[in-house]
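S.K.: A single structure is presented below for examination.
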């Protein structure tokens, strides 16, 4: 890449970043937080944060990348995607009706709410315990990270249930919403994330999600300023780099350490070059249609229910890894949201996917506002826990693609909804058995004496 080509890419990157950052800033000033703000920041991180890192790798370490014209296509496709997404998100198809009483879909009381978070926490802890009994601490047993996807590890499906510890702790926080509950959320979820990091053998997702939710709650409540958020972001990047070194068993120093930091940080937070690789091999892609979305559900079907279930699922990530990169190491490489749309239907699917994503984020914001307006604090805690708990799925959406997001959000909805139903059933059983007693508010002693 020549300096002239780099200068052209830099101009496009600056304009695109300024375009998205400006819209995000205006939205932040208007509402402080909603899921449009979160997705916009996540989109910036995924598709634009990596460009400076790539530039340093190219000019400092002479690392090979896709041709400049392909990198230009990747930047422009990301900017155009966001433009279509933003218009879709801001477009209102019907007039907004305010203060119209509607029959609630469900209600929650104190006992049902506490039962819900206990059930969610129980699902996570029991899954971790069973996985640990089968495999022990994989971080200290396995020699490479790719081994966690091999036949040496049993009970891999249980990992999908670990995450429900975070929604459980979110319910606990939203019932109190003070600084002590906020700090308790951070300590409990990060401690759980470190435990799963050691047990699973290097999975950092629970730690990243817990820290991100903690920061956004702090922004909403005014406990964290923007400069504190930036400082926490830098700390998070350094922390994820250190965990990555431990995960891959790397011992580096000097220039090698700087090089490793650049490419691991890029791959962790901003795999935008994967989109460029897909565009570079565009003519070799056999478009998969909507099949990757259907196939991604296969992993949730147990083999005893479907004995002939394919052992290998050809979703967009695996198609990109195996067919495009010809990589059969056992790891699935993230194609990104736009990359998954390219795998499914080429360039035509990019604006269509942007419209779908705009509607998805609009729905989450509607649910979030519903929780903000809810007078029943127990129901509000459940709604907010569901919305913030789905942040992990939004990260999956940006990094892994639309197919992975759909299957995971449906799974999250089913487990979360089932926990609610079980909590309501248990409350009904306890109430029928006479075990539930209403709380009585005792009058102050002075008032009691006055009435006497």
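Keep in mind that glycine also has a Cβ here, set from the backbone N, Cα and C atoms.
From Swiss-Prot, for reference:
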TRANSMEM  6-26  transmembrane segment
TRANSMEM  37-57  transmembrane segment
TRANSMEM  63-83  transmembrane segment
TRANSMEM  118-138  transmembrane segment
TRANSMEM  155-175  transmembrane segment
TRANSMEM  181-201  transmembrane segment
TRANSMEM  207-227  transmembrane segment
TRANSMEM  228-248  transmembrane segment
TRANSMEM  341-361  transmembrane segment
TRANSMEM  378-398  transmembrane segment
TRANSMEM  410-430  transmembrane segment
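Show me how these features fit into the shown structure, please.
M.R.: Within its own chain, the transmembrane segment (37-57) is flanked in space by residues 6, 9-10, 13, 16-17, 20-21, 23-24, 27-28, 31, 63, 65, 74-75, 78, 82, 85, 216, 259, 262-263, 265-266, 269-273, 275, 336-338, 357, 361, 391, 394-395, 398-399, which lie at least six positions past its ends and keep a Cβ under 8 Å from the stretch.
Away from its own ends, the transmembrane segment (207-227) comes close to residues 32-33, 38, 163, 166, 170, 173, 177, 179, 182, 185-186, 189-190, 192-194, 197, 236, 239-240, 243, 388, 391-392, 395 of its chain (Cβ-Cβ under 8 Å, at least six residues beyond either end).
Using a Cβ-Cβ cut-off under 8 Å and counting only residues 6 or more beyond its ends in the same chain, the transmembrane segment (378-398) has close neighbours at 35, 38-39, 42-43, 45-46, 104, 106-110, 112-113, 116-117, 163-164, 166-168, 170-171, 174-175, 205, 208-209, 212-213, 216-217, 336-337, 357, 360, 364, 367-368, 370-372, 404-405, 408-409, 412, 416, 420.
Here the transmembrane segment (410-430) has Cβ contacts under 8 Å with residues 106, 109, 111-113, 115-116, 119-120, 123, 160-161, 163-164, 167, 297, 300, 382, 386, 389-390, 393, 436 of the same chain, all six or more residues outside its ends.
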S.K.: Sequence-remote contacts (6 or more beyond its ends) of the transmembrane segment (155-175), Cβ cut-off under 8 Å?
M.R.: 113, 116-118, 120-121, 123-125, 127-128, 130-131, 134-135, 148-149, 181-182, 184-185, 188-189, 192, 196, 200, 203, 205-206, 209-210, 213, 217, 299-300, 302, 377-378, 380-382, 384-386, 388-389, 392, 411-412, 415-416, 419
S.K.: May I ask for the residues of the chain that lie six or more residues beyond the transmembrane segment (118-138) and have a Cβ under 8 Å from a Cβ within it?
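M.R.: For the transmembrane segment (118-138), the nonlocal Cβ contacts are 147-148, 153-155, 158-159, 161-165, 167-169, 171, 192, 195-196, 198-202, 415-416, 419, 422-423.
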S.K.: Hey, which bits of the same chain come close to the transmembrane segment (341-361), Cβ under 8 Å, at least six residues off its ends?
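M.R.: That would be 35-36, 39, 77, 80-89, 275, 278-279, 282, 285, 287-293, 316, 319-320, 335, 397, 401-403.
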S.K.: Short question: which residues 6 or more past the ends of the transmembrane segment (181-201) have a Cβ under 8 Å from it?
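M.R.: Those are 124, 128, 131-132, 135-142, 145, 147-148, 153, 159, 162, 165-166, 169-170, 172-173, 175, 207, 209-211, 213-214, 217-218, 221, 223, 243, 247, in sequence order.
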